[in-house]
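*Asks:* Structure provided below as structure tokens; questions to follow.
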Amino acid sequence: MRLVLFILLLPVCLATPFHQKGLFDFMLEDEGSADLASTDDPVISGFGPVCPFRCQCHLRVVQCSDLGLERVPKDLPPDTTLLDLQNNKITEIRDGDFKNLKNLHALILVNNKISKISPQAFAPLKKLERLYLSKNNLKELPENMPKSLQEIRAHENEISKLRKAVFNGLNQVIVLELGTNPLKSSGIENGAFQGMKRLSYIRIADTNITSIPKGLPPSLTELHLDGNKISKIDAEGLSGLTNLAKLGLSFNSISSVENGSLNNVPHLRELHLNNNELVRVPSGLGEHKYIQVVYLHNNKIASIGINDFCPLGYNTKKATYSGVSLFSNPVQYWEIQPSAFRCIHERSAVQIGNYK
């Protein structure tokens, strides 16, 4: 009986402990069995491109931000669609830095120390749509930017010139951000933006320009020129902007708006003229068909005319105002005729008072 029991327990004693196999184990096992089956066949690796040291790679997104990098990492995965290099110490973008990145759609270079971009650095990026160059030391935007670009953001640099050649062929750009640069009106070449047929949004805020740039494309729907040194608005500055819906001119030194200027922007819906030197409400608001929001607070407006905001007749079609700000002006609310706001149906839409 003891002999029979010993024979039954012997296989159990000799058995190895159970080990749960993962995917990696099976891959190794398959690789080993393949080697045993044929030693002449080449070994094909199952791993994808190697992620650059200290970077993180996931689903074709390569994140190399906040690493103190002084140059673009080498051997970036060729299937990368988004490359994040922000918050580093990169000083130069060289030819070949982005070789093989034919599928890159977005490149983030924000908050580095970039002062130079080689002429052919972006040449391989045939599908690049978004280029973020803000918070660097660039004095000019580079030429030969990819024709596929739809969005360029380069605020907070040292840009003092905008040449027409830089934007030539950039027919797909929709958004252009160039604020907080030491840019002057004399540094913007006449018609610099004319070739940008799809440009819809442009922001040149907090610079030293003294007038609205000339030759802006008619495709514009938003123009933001806040925080500059513009002293007046003339009709020529807004000429041809028939699709403009939002115009930002706050925090300038504007003291006058030429008669007829608003006729050049017939589809305007928002006008921001707060924090300027205006002494009267801009002419043309009453006859403007679509304007709904007008910011005029923090100016020097001392009186409101009965037809400044509303058309002469009651039967004239006009969009309803949703916001009119007049606070922090010398005009007193009791000096304003109630009929001056006859086309405004909501009392809360008008803000008056608080002048010191």
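Placed from the backbone N, Cα and C atoms, the Cβ positions cover glycine too.
As listed in Swiss-Prot for this protein:
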| type | residues | note |
| --- | --- | --- |
| DISULFID | CYS51-CYS57 | disulfide bond |
| DISULFID | CYS55-CYS64 | disulfide bond |
| DISULFID | CYS310-CYS343 | disulfide bond |
| CARBOHYD | SER45 | O-linked glycosylation site |
| CARBOHYD | ASN208 | N-linked glycosylation site |
| CARBOHYD | ASN259 | N-linked glycosylation site |
| REPEAT | 70-90 | repeat 'LRR 1' |
| REPEAT | 91-114 | repeat 'LRR 2' |
| REPEAT | 115-138 | repeat 'LRR 3' |
| REPEAT | 139-159 | repeat 'LRR 4' |
| REPEAT | 160-183 | repeat 'LRR 5' |
| REPEAT | 184-209 | repeat 'LRR 6' |
| REPEAT | 210-230 | repeat 'LRR 7' |
| REPEAT | 231-254 | repeat 'LRR 8' |
| REPEAT | 255-278 | repeat 'LRR 9' |
| REPEAT | 279-301 | repeat 'LRR 10' |
| REPEAT | 302-331 | repeat 'LRR 11' |
| REPEAT | 332-356 | repeat 'LRR 12' |
| SIGNAL | 1-15 | signal peptide |
*Asks:* Determine the mean pLDDT over the repeat 'LRR 6' (184-209), rounding to the nearest whole number.
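*Replies:* Mean pLDDT across the repeat 'LRR 6' (184-209) comes out at 96.
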*Asks:* Should any of the recorded positions CYS57, ASN208, ASN259, CYS310, CYS343 have a Cα within 10 Å of the Cα of CYS64 (disulfide bond), which are they?
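*Replies:* Near CYS64 (disulfide bond), where near means Cα within 10 Å, the recorded positions are CYS57.
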*Asks:* Neighbour count first, Cβ atoms within 10 Å, every protein chain included; then name which of CYS55, CYS57, CYS64, CYS310, CYS343 tops the list of disulfide-bonded residues.
*Replies:* CYS64
*Asks:* When the Cα-Cα distance from CYS310 (disulfide bond) is computed for each of the recorded positions CYS51, CYS57, ASN208, ASN259, which gives the smallest value?
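*Replies:* Among CYS51, CYS57, ASN208, ASN259, ASN259.
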*Asks:* Give the nonlocal contacts of the repeat 'LRR 8' (231-254) in its own chain as ranges (CB under 8 Å, at least six residues past its ends).
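*Replies:* Contacts with the repeat 'LRR 8' (231-254): 205, 210-212, 214, 216, 218-225, 260-278, 282, 295.
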*Asks:* Against which stretches of its own chain does the repeat 'LRR 10' (279-301) lie, if we need a Cβ under 8 Å and a gap of at least six residues from its ends?
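*Replies:* Same-chain contacts beyond the ends: 233, 250, 255, 257, 259-263, 266-273, 307-312, 317-331, 351.
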*Asks:* What same-chain residues lie close to the repeat 'LRR 9' (255-278): Cβ under 8 Å, and 6 or more beyond its ends?
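*Replies:* Long-range Cβ neighbours of the repeat 'LRR 9' (255-278): 226, 231-235, 237-249, 284-285, 288-301, 319, 325.
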*Asks:* Quick one: pull the CA-CA distance for CYS57 (disulfide bond) versus CYS343 (disulfide bond), whole Å only.
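*Replies:* Each residue's Cα considered, CYS57 (disulfide bond) and CYS343 (disulfide bond) end up 57 Å apart.
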*Asks:* For CYS343 (disulfide bond) and ASN208 (N-linked glycosylation site), what Cα-Cα distance in Å is obtained after rounding to a whole number?
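*Replies:* Computed Cα spacing between CYS343 (disulfide bond) and ASN208 (N-linked glycosylation site) is 38 Å.
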*Asks:* How many whole Å apart are the CA atoms of ASN259 (N-linked glycosylation site) and ASN208 (N-linked glycosylation site)?
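*Replies:* Checking the Cα atoms of ASN259 (N-linked glycosylation site) and ASN208 (N-linked glycosylation site) gives a distance of 25 Å.
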*Asks:* Using a Cβ-Cβ cut-off of under 8 Å, list the residues of the same chain that are 6+ residues beyond the ends of the repeat 'LRR 5' (160-183) and lie near it.
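*Replies:* Hits for the repeat 'LRR 5' (160-183): 129, 134, 139-143, 145, 147-154, 189-209, 224, 227.
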